Amino acid sequence: MRLVILETSQSVGKWAAKYVMKRINDFQPGPNRYFVLGLPTGSTPLGMYKELIEFHKQGKVSFQYVKTFNMDEYVGLPRDHQESYHFFMWHNFFKHIDIEPQNVHILNGNAPDLVAECNKFEEQIKEAGGVELFIGGIGPDGHIAFNEPGSSLVSRTRVKTLAQDTLEANARFFDNDMSKVPKQALTVGVGTVMDSKEVMILITGAHKAFALYKAIEEGVNHMWTVSAFQQHANTLMICDEDATLELRVKTVKYFKGILRDIDEGAATQDGYKN
């Protein structure tokens, strides 16, 4: 596991975007060789998406031969609802780049058979050859996607009933009306993300500092699902200074010392492996 500590959340977005661009370009995707990218929603990756859009406009990266799989979607929310993850992804990223619509995969929370929808999603990932790079964010309780505390660490894509804390946190997006907040979601499982060749997790803000501490300094624990990625062969966590507030000083010094030995602009994928 590698932890990259940067000064601000803006720096995290820029660093992550540069890394994604480099991974895609180094892969040299083409008509018979697609780069498969797993993507999150939420406020944390917005900076990364904005930077990737700029790189695309500058001709530095193309998404023509990229296939994407999003982490999750609410159940029962219309696709054109402003809080649906379909709307989020098209509004904040996809409509600004050259990705083909048929190469975008987002779970359908309005499917007549939700279990079949989840199983189909897993099959689509397999048919695409597996995910090269899965990007995620975490919540203050260490959940990744909608794999909330207590989730199985070998779980697959499934229907998930959301915890009360999550419902209350999401109420701000629905006029603070709890009756409007979706009670269920479709989500990739921890095991689904673990199958990816590489995982990059973005963590920003002091409110996520304890979750980062649990992910880095303590053992694997299903009550902190992000901790499962200690056991992934190629995990990269990118955080800002605020997110390190619960880490030991020597832990911060250790990872900062490693980063100093790597030129950010020329960092290779192998440079981030254990």
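Yeah, the Cβs are placed from backbone N, Cα and C, and that goes for glycine too.
What Swiss-Prot says about this one:
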ACT_SITE  D72  active site, proton acceptor
ACT_SITE  D141  active site, for ring-opening step
ACT_SITE  H143  active site, proton acceptor
ACT_SITE  E148  active site, for ring-opening step
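When the Cα atoms are compared, E148 (active site, for ring-opening step) and D141 (active site, for ring-opening step) turn out to be 8 Å apart. Sequence-distant contacts of H143 (active site, proton acceptor), defined by Cβ-Cβ distance under 8 angstroms and a gap of at least six in the same chain, are P149, S151, T166, T225, V226. In the three-state DSSP reading, D141 (active site, for ring-opening step) counts as coil. In the three-state DSSP assignment, the secondary structure recorded for D72 (active site, proton acceptor) is strand.
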